[in-house]
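Enquirer: Annotations per TrEMBL:
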- Ser44: active site, nucleophile (ACT_SITE)
- Glu177: active site, charge relay system (ACT_SITE)
- His246: active site, charge relay system (ACT_SITE)
- 2-64: domain 'LD-carboxypeptidase N-terminal' (DOMAIN)
- 138-261: domain 'LD-carboxypeptidase C-terminal' (DOMAIN)
Amino acid sequence: SYLTDPDIKAVMPPWGGDLAMELLDLIDFDLLSRSKPKWFVGFSDLSTLHFPLTTISGWATLHGPNLMDLGAQKLDATTQAVWEILESNRGTVIKQYSSTAFQADENQWGTASDGGFNLTQKTQWKRLDGVTSSLTFSGKLIGGCLEIISRLAGTPFGNVPLFKASNSPQGIILYFENVEMAPCELTRALFSLRLQGWFDNLNGVLIGRSAAPDVSDPTKHNYLDALKAAFENIAVPVLYDVDIGHMPPQISLVNGADATVFFAENGSWVTQQL
């Protein structure tokens, strides 16, 4: 009822929900497609609803900080940008820069203070091909938490090939982040998407910082091996260690928005037209 209540302008859950997938059969996304859109905000398991709200109902949804991320007395500039988007009018162009530093682990909100994130590690977006020269790509944004969207693939609630076709010839930018999957499981998830056509004819890919443990043995399949294997021989620019996901701060990305990504070693940015 919150999604159809005309007096509610945004729905901002405090955090994700591990079993949100149980809700999908209970939501009338066709009805929502005929209802006045409103903001649905957050990340992690909330991707369960972000995806069909955008791909089926045609809503722009905001993948960014959860409500629990916004309780600090003073927010860092990257996190603060979520409010700029929420308060902007349709057609506004928003520009967000890569952060200067990030937090090396996930937040534990049960014991956290209101001091904000512990941003101690230098941020550096990287190209998966190892090249350091700058690049730019544009397209319509779609993405979310990989543990979720990889399980929506092949269902009516995660039909990225259809979303791509409906946004041709403009093209799309796919983004995702890995929370818990070890390298071999990550490889399986990514190859499943590849085999279902998700990586065909993309304009670009943004991959958030992985919160999952990597392997330390150099002889074993690691996180970068998983990414490189999944995108091998696919002609698409791929950036990783982007400010997306469970290792804050994160930029706020609007599913369904027209975006341009600029990468450079000394700083990157994303613009979105709402």
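Counting starts with 1 at the first residue shown.
Glycine is no exception: its Cβ is also placed from the backbone N, Cα and C atoms.
Annotations in TrEMBL come from automatic prediction, not curation.
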Enquirer: Show which residues of the chain containing Glu177 (active site, charge relay system), separated from it by at least 6 in sequence, have their CB under 8 Å from its CB.
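Expert: Counting only residues 6 or more apart in sequence, the Cβ neighbours of Glu177 (active site, charge relay system) under 8 Å are Cys145, Leu146, Ile207, Gly208, Arg209, Ser210, Ala211, Ile244, Gly245, His246.
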Enquirer: Within 10 Å of the Cβ of His246 (active site, charge relay system), how many other Cβ atoms are there?
Expert: 22
Enquirer: Under 8 Å Cβ-Cβ from Ser44 (active site, nucleophile), six or more apart in the same chain: what's there?
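Expert: Those within reach of Ser44 (active site, nucleophile), by Cβ under 8 Å and sequence separation of 6 or more, are Trp15, Gly16, Asn66, Cys145, Ile148, Val179, Gly245, His246.
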Enquirer: Please list the DSSP helix, strand and coil residue counts for the domain 'LD-carboxypeptidase C-terminal' (138-261).
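Expert: Its residues fall into 35 helix, 33 strand, 56 coil.
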Enquirer: Take the domain 'LD-carboxypeptidase N-terminal' (2-64) and count its residues per DSSP category (helix H/G/I, strand E/B, coil), listing them in that order.
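Expert: The breakdown for the domain 'LD-carboxypeptidase N-terminal' (2-64) reads 24 helix, 9 strand, 30 coil.
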